[in-house]
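Asks: My questions will all concern the structure given below.
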Amino acid sequence: MSIKVIIAGFKGKMGQAAYKMVTEDPELTLVGLLDPFTAEKEVAGVPVFNAKEELTGLQADVWIDFTTPKVAYENTRFALENSFAPVVGTTGFTHDQIEELTELSRQKGLGGLIAPNFALGAVLLMQFAAQAAKYFPDVEIIELHHDNKKDAPSGTAIKTAELISHVRTSKQQGAADEEESLAGARGAMFDGMRIHSVRLPGLVAHQEVIFGSQGEGLTLRHDSYDRISFMTGVNLGIKEVVKRSELVYGLEHLL
Ligand code: NAP
């Protein structure tokens with residue numbers, strides 16, 4: 001049976017990649033598109049809505065969300081309340097929001113996925129980083145994205161830092177008496193680790209995790225050169241969430 005899918009943010013860069021992936025997969029049927037600003041009423045026979053409330057009562061199984069950090073929490077809540085299993089790539093969720101949404105999914109008995117990164121290589125990079133941090137506790141993260149990205153640091157960088165902080169003893173890095181002569185020079189701080197955000201035209205989504213130790217260094221790097229790199233994960237997410245009864249944070253939980 002075909003899985004009925006809604007795409008929120010379908011006019012965006014990721015939304016367009018998701019549109020192509022969904023319409024090319026015979027196991028998926030697109031039943032609704034959401035964009036608050038478009039004047040289009042339908043795209044290839046699929047209705048377009050300008051407000052999420054207009055989707056209430058639509059027969060759909062999955063809500064794909066590639067919108068903006070400002071609306072993603074409310075969208076995901078709305079999806080769960082209306083029995084659409086969310087597959088969310090939009091970043092910028094707080095820890096508390098993820099907890100709240102997970103609890104709501106349990107109450108509704110609905111599967112769901114919030115994934116800061118849908119690229120399989122990025123998921124592997126995060127796992128390798130957590131493995132390496134057991135032996136190399138001194139680490140800095142550099143994430144690099146296109147210059148239209150709204151949130152910083154990236155959701156992937158935060159998730160990587162969280163995974164590392166689960167396996168290493170909390171420590172403050174750098175010299176105890178270090179000083180910034182220009183504010184922000186040492187980057188953002190997460191549990192003693194530094195995260196640096198680069199924004200440049202031409203980039204898509206990239207991350208380096210750099211470990212340093214006595215006389216040696218280790219660098220892990222992942223590059224998404226094209227948004228197609230995220231679509232295998234989104235497709236897998238859609239097909240998995242409909243079988244589950246709880247929302248998870250991170251694609252690795254569905255692999
Ligand atoms: P984008 O090109 O700016 O697309 C976002 C789209 O959402 C825009 O078309 C925007 O419309 C629309 N939008 C704004 N408010 C909305 C609302 N209330 N309802 C529905 N749509 C709304 O950004 P993008 O590059 O596609 O990225 C989207 C999100 O995905 C970002 O948070 C980004 O960090 C994340 N991302 C995740 C992954 C992953 O693997 N998880 C990978 C890449 C990106 P306007 O432009 O008219 O405001």
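Just so you know, glycine gets a Cβ as well, placed from its N, Cα and C.
Automatic, uncurated: that is what TrEMBL annotation is.
Just so it is clear, the model here is predicted, and its values are computed rather than measured.
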Asks: Among Glu27, Glu40, Glu42, Glu140, indicate the single residue that TrEMBL lists for the NAD(+) site containing Gly9, Phe10, Lys11, Gly12, Lys13, Met14, Gly89, Thr90, Thr91, Ala115, Pro116, Asn117, Phe118.
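Replies: Between Glu27, Glu40, Glu42, Glu140, TrEMBL records just one in the NAD(+) site with Gly9, Phe10, Lys11, Gly12, Lys13, Met14, Gly89, Thr90, Thr91, Ala115, Pro116, Asn117, Phe118, namely Glu40.
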Asks: Would you mind giving the whole-number mean pLDDT across the domain 'Dihydrodipicolinate reductase N-terminal' (3-118)?
Replies: 97
Asks: Take the C-alpha atoms of His146 ((S)-2,3,4,5-tetrahydrodipicolinate binding site) and Glu40 (NAD(+) binding site) and report the distance between them in angstrom, rounded.
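Replies: Given the Cα positions, His146 ((S)-2,3,4,5-tetrahydrodipicolinate binding site) is 28 Å from Glu40 (NAD(+) binding site).
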Asks: May I ask which of the recorded positions Lys41, His145, Gly155, Thr156 is closest to Thr90 (NAD(+) binding site) if we compare their C-alpha atoms?
Replies: Gly155
Asks: Please give me the CB contact count at 10 A for Asn117 (NAD(+) binding site), counting all chains in the structure.
Replies: 28
Asks: For the recorded positions Lys41, Lys149, which one has its C-beta crowded by the most other C-beta atoms within 10 angstroms?
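Replies: Most Cβ neighbours within 10 Å: Lys149.
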Asks: Nearest to Glu40 (NAD(+) binding site) by Cα, among His145, Lys149, Gly155, Thr156 (recorded positions)?
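Replies: Given the candidates His145, Lys149, Gly155, Thr156, the nearest one is Lys149.
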